[in-house]
Structure formats: C-alpha cells, structure tokens
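Report on the following structure.
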C-alpha cells in the first residue's frame, strides 16, 4: 500500500508542476502580450514608434559604390527570410532528419506554442526537433534540404543590401547548425554566430548549451569589441532595434513588406548561387496549416498509391491511362510515334531525361508498348512493382555495353544517360556509352511535377521513391518525343560518341527550357549524401 500512495503523491506533484505552473505562465503571457484589446493596441503603437526610429531597408542607398566595402550584420530570421515564423524549418528538421512521428509531435505543439513567448517557444521547438538526433543527420538536412526553402523565401530587398557588402556576419537565436551550411554555401557569409545546442556523444539532447539562447546585441559586442559594424539590418521587433543601434547605419525590414510586397520576392535567376541539387521528401514549405493538410491526406495518399501501382501492373496500357487519369495522374504526351527501320535488326534506343524512377514506365505507357529499361541501381521493391522489364548495369563500361547491345537486339531499349535524377530545371552530363551502341536514337524530353512529396532521394530509402511520387494528389508527367536523331549526327555519320551525347543533351534541354551542366552522379551524391552513390554488390537491399 505504500507504493501506490507514493506514486499518487508523485503524480499529483507532476500534474501541479505541469498544469498549475503552465496555466499561471500562460495567464501571464495573455496579460502581458496583448490578448486584451487595449494592451494589443498599445503594443502595436509602441512597435510602430520604435520602427520609426530607423528607416526602411528600401531607403538604403544601393548606388553608393563605397558601400561595397561596408561590414553588414543581420539576422536570418525575419530579415534575410520573408517567413513570419521559423516553424516550417524546424518541421523540416523533424520530418527529414527524424521521423514522421516526430513531425506529428511538433505539429501538435502548435496548440500551445501561441501562448508562449519567443524564447520559450524556440526552446520547445528545438527540443522536439533535435532531441536524440545524430549530428550527421542534422548536418545533412542543413546541407541538402533546407537551402532550397531558404532560397525560395529570401527577401530580395534585404539581399540587395547584403550583396553590396563584402564582409557579412549573421547573428541569430536560431540554432547555428540549421543555418550555417546554407549561409556559407550560398550567401558567402564571413561569420555565423547562433545558438549552440547541447550534445552527448554524436547526438543532440534537444537542450541549449551552457551559453543559452543567443542575445544578439551582446554577441555583437563580443564579436566586434569597440568597433562598430557599418550597416545593420533588423526587423520591427524592439529587441532587434537594440541590436542594430550598435551599427553606424541601421535599417528595418518590415514584416508587411515581406508578406505583401512582390518586390521582396526572390526570382530564381537572382539566386546568389544556382540551386541544382537538393534532397528531402517534402515538396512544400511545411507551415502548420500545410503540415496538417499533409497528415490528413496521408491515409488517402497511401491507399491511392497502392491503387495506382496495381492499375499500372495489372491493366492494359489504355485502361491504365484511363484509370490513372481518373485517380488524378496527369500524363501529357507530345510528339509522334517513331517508326522502326526495317533495315535494322536492332530495336530503337530511347534516350530520356531522368526525373524519377518511373520515367521508363510512363514512356512505355505513352507509347502503349513494352520497353526494357536499364539502370545502375534499383531496389528489389522497385523491380517487383515495375510493369516493364528492368536490367541492372554494373558500371563496367565494356560489360554494360555488351548487355545493352544484347537488349537492343531483342527489342526497344530505354536509357537515362544522366545516371541519376535531378529535380531542378538542369540536365546533368550525359554518358556517351549509349551513342556507341545504336544508330536509331530517339531523344525523349520528360518532366515530372509534384505538389506534396518528391519521388526521388539521395540519402533516404530508394524503394519508397515510386510510392512517394504516386502518393501526391495530382502528380503529372510530360512526355515529349523529339524524333530520331539525323544520321549525320550519329557515330555512323562520323561523329564521336561525346559529340552525339552533347548534341542530344542540348536538344533535350532546349525542348524543356532547361540548362545543360557538366555535373555528374558523383557530384550529386557527394554534395547531398557524402558518398559517391555507388551501391556495392555485396550489400543486399
């Protein structure tokens, strides 16, 4: 009887600490931070008065050539980024670096985060997102996943001031590990001072280090000493005004401008560095509402993906197109069906751009005839659910050439000479092996669009790639057959295999409006996954 009594007392104490103290703190927040009309009005007016102390960032003289030598300090949250909250980026860490359960817990925390002040809110999101995760997983997310979303949400007005300076230092209360990779790789920052997280071994505990949450104006004084930075950018928060008041010149980035002003939107052609490779499954910025929509869709998406897979495997081509279209899959076909030359005993070699593992499947469906696809790495699951014949290559040029020659003698063959997928409007360097094997070459420009999940990954589970693609509400594929390559542009016409490969790459890029690059599969995997993307034969899938 003693143990139940002790247990009840302990439970009573825990409930008191969690509920009574939490309610007390919540009441204080509601009183102090404007849930009454009067305090809300006073707070809004005080922020407006504080904001008027510093001019808007639009008033900064960008035509002054001497400003190129200035030192600039700013925050990434609310200044360089247009996002009103950093919640979506913590959600990306939780989902991509952790698990879907961790992401769901972070979504549930939205029910009480609005009551907390900024510091406590940040601590809660850090704990849920980071607790127990490995350092290398978070570094991978910061390097391969987050930069895409940061670039899409850059504030153009703030970046124009940023680009006019040569010395830039970012001070932020956001965990340094979340922003440092992006700022060094894409923004050419000179220094990043952020909140440090506590670790045990190679894992995060979800707690802050002994230095606590970064206080920007104190960190600035420690970093520069008596020297004043030339330009400071801040937001309309009074705490930021204390930070930028330590600079010779100070400008404010207003939230209203970032949210409603189209002049703040960063176009792709003005990115500080082209975005060619990125990883992760989520294709949208996971705001609370968007994340809730994803979780509500998830059960239907899984059932729909299974249905679409069964349709592709079991039904004839025309029925598969019909039922696939009814389920939401959009297939657009453009071009003419290539005619086979009766003088050649070999099949037709289709050379495709590589967007997902389903490229050969959608080409076969568009042509309404069976094809054989060759690939460098394919999971057992993908082989099982593939409605067409798939053959693995070994990366041995001589052996792969013999394999493809044999397959061409049996029928039509599909090859993706990029060797790996690319999500952005760029084409990777084409391998020239295919050009040595056939004279009847048909380039096929393929492009895929998704709204919720990416159907490719560099560091995740590849056998889930087709499933994630088919889980999208309305995935689409555009198949454009460009016609056979003229004989004078083939190896039989006196061209080298490299010239043929470059010619076809350029032709496909022009058809899609893409840009040609010299990047390879190795470059992609070294950047996104830290390896060369080689699957060793002694490792079973």
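Quick reminder: no glycine exception, Cβ is built from N, Cα and C everywhere.
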Stretch carrying transmembrane segment according to TrEMBL (options 220-242, 243-265, 266-288, 289-311): 289-311
Range annotated as transmembrane segment in TrEMBL, from 33-60, 61-88, 89-116: 89-116
Under DSSP, the domain 'Phospholipid/glycerol acyltransferase' (348-449) has how many residues in helix, strand and coil? 33 helix, 26 strand, 43 coil
In terms of Cβ proximity under 8 Å, which residues at least six beyond the ends of the transmembrane segment (89-116) contact it? 26, 29-30, 83, 124-126, 128-130, 132-133, 137-138, 140-141, 145-146, 149-150, 174, 178, 279-282, 286, 288, 291-292, 295
